[in-house]
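Reading through the structure tokens given below for one structure.
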Amino acid sequence: MVAINPEDQSAAGRVPKRSRLHFLWYLTRRSPLTLVGLLIITLLVIMIVGAPFIAPYDPNKVMLSARLMPPSAAHWFGTDEVGRDLFSRVIYGSRASCGAAFMIVLISMSIGVFLGCLSGIVGGVFDSAMMRIMDVVLALPALVLAMALAAALGPSLFNSMLAVAIVRIPAYVRLARGQTLSLRERVFVKASRTFGASNLYILRWHMLPNALSPLIVQATLDLGGIVLIAAALSFIGLGAQPPTAEWGALVSSGRSFILDQWWYGTFPGLAILVTAMGCNLLGDGIRDMLDPRLGTR
Amino acid sequence: MTITRIIVPRLILLFFVVFGVAIITFAISHLIPGDPARLIAGDRASAETLENVRRDLGLDRPVTDQFVIYVRNLLHGDLGTSLRTRRPVAADIATFLPATLELGLLSLVLAVLIGVPLGVFSAIYKDGPIDQIARTVSVCGISMPVFWFGMVVILLFYAKLQILPGSGRLAMAFAAPQRVTGFFLIDTLLEGRFDAFLSAVRHLILPTFVLAFANLGVITRQIRASMLDVLQEDYIRTARASGLRRRVVIFNHALRNALIPSITLLGLALGDLLYGAVLTETIFAWPGMGTYVVTSIQTLDFPAIMGFTVVASIGYVLINLVIDLAYMLADPQIREVG
């Protein structure tokens, strides 16, 4: 989705050197939307880490006397059909939903970057074969494939994560390969090779550290879309299964009650929307900052 | 570079892609835990019946043979038999496809009609109020969980305000029109039933809007980005400097050049549209391919799931190929040299 120019790397090195305060000031002045994104993600991380402290109830505690209660002071988001507190379930749901999205990006990025760098360093037939395979996978509608794959593996959160991770690999392979190809010609890599460094050594100590920043931008941008996909797979019954507090699954069970108990499906969905928005705003902001050409617009 | 030199590699890629789809769906259907023969014959089937079913399906042959048979069947348009509807998957898809196309095409048109002007004005008045609105709308569109948005819209317009229907393609009172195109908007008019036509329109409004909204975000963002790129070009400054009016420069010089790279985007948006359609149809009980595939997933109807995957993938690849060719024809840099 985002093509990052190797020339823009110079800017990537500059940003972290600025003081944190300067960075925040830069954000508020240049792009308040990025700041909003940063704020959302910060709150989200607090929510994920501090779920047991924030959630007022045990997310799985059944209270049949308090079934389908509308939002109130005691239950901010109301309760579900067996009286579980929805606010607590949404809080705990952030662990399943965001955890899944994070794992998906991590898996597809690790595998993709490894294959891409390897392809770039080894070159030759291996490289051509790898790129043709990736072309084929990229030419297909990724989400439809993920759905088919998840269905075949059997409905579970782990399997749906695996399915989405697999279809996301080619994007990272391409990006990492491009980075590797441009780095391969740099003097320090050539010098290393003269000293007899192996491919793996070069991959680990020269390629990976230098290719990392555009990859991280790509990953942040991906995260928003992947939160949506993971939730959607749960919604159609392929991901997390009902008793699990997961946002997509919560919206799915809330759907049967939408006409009379609007709060049931509404709040978990809102959490998905806000999270995806936070990732997209932050990802866009980081990309613009690293790309001086875009930043001056 | 001549046009043939661009088209030939694409056609070779197309061949591999179709072959790849066949391998992937074949592999997936053989990866299913459990015995397909038992799924078809049922739990109480005798060993003999199972053996017969297995032989009918060719499951007793080597895997390579099975793959050859699978590909041959695909080439003949045979996608297997649905376990749930007990009908050929190809026939099922033919039944449900028009409903999806009607919804998908209308959404795409709506998204383009709103998204393109929004992106253009957003770029022209960069950082102004229009730009802020456009960027907010596009971030919302990109971040929106379609399935949830559909639910909220139903809650609002169907349950609370009661001004629009929330499910199906026609009100109960109307019989489905005789199938000519499969598009209810056209078929009802062909029969001269204007009241049924209006009902079809009313049923289309909410799902079309929901599906269009997600794509609107992507389209607005792309048009804005490529418009901003073009507006920085030297020839735009030259055109302005030579005294042409701003409006002329923007619409005759900038927009035309900004639209060309956006053509390919339409192809990619199609993937989102396909996926969004699956979710939108589920929410609105829209009798299309999306509802069909989700029901198939829920009932573990693998021939139907794989049939849908094959048809959707090949359709997606073909449309993207056509779009890329259109792009090449529209781009004078390629056309003139070819």
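Positions of Cβ are set from backbone N, Cα and C atoms, glycine also.
What TrEMBL lists as transmembrane segment is B:12-32 (among others).
Taken from TrEMBL, the feature domain 'ABC transmembrane type-1' covers B:97-327.
TrEMBL lists B:105-125 (among others) with the feature transmembrane segment. Proximity of distant same-chain residues to the transmembrane segment (B:105-125), defined by a Cβ-Cβ separation under 8 Å and at least 6 residues beyond the stretch ends, is recorded for 131, 134-135, 137-138, 204, 207-209, 211-213, 215-225, 227-228, 231, 250, 255, 258-259, 262, 266, 269-270, 273, 276-277.
Feature annotation from TrEMBL assigns transmembrane segment to B:137-159 (among others).
What TrEMBL lists as transmembrane segment is B:200-219 (among others).
Away from its own ends, the transmembrane segment (B:263-285) comes close to residues 99-100, 103-104, 107-108, 111-112, 146-147, 150-151, 154, 166-168, 206-207, 210-211, 214-215, 218-219, 222, 291, 293-294, 312, 316, 319-320, 323-324, 326-327, 330 of its chain (Cβ-Cβ under 8 Å, at least six residues beyond either end). Marked as transmembrane segment by TrEMBL: B:263-285 (among others).
Listed as Cβ neighbours of the transmembrane segment (B:305-330) (distance under 8 Å, sequence separation of 6 or more from its ends, same chain) are residues 3, 6-7, 10, 14, 17-18, 21-22, 24-25, 28-29, 74, 79-80, 82, 89-90, 92-93, 260, 263-264, 266-268, 270-271, 274, 289, 292-293, 296-297, 338. Residues or ranges marked as transmembrane segment in TrEMBL: B:305-330 (among others).
Here the transmembrane segment (B:200-219) has Cβ contacts under 8 Å with residues 102-104, 106-108, 110-112, 114-116, 118-119, 137-144, 146, 149-150, 153-154, 157-158, 164-166, 168-171, 184-185, 188, 262, 265, 269, 272-273, 276-277, 280-281, 283-284, 286 of the same chain, all six or more residues outside its ends.
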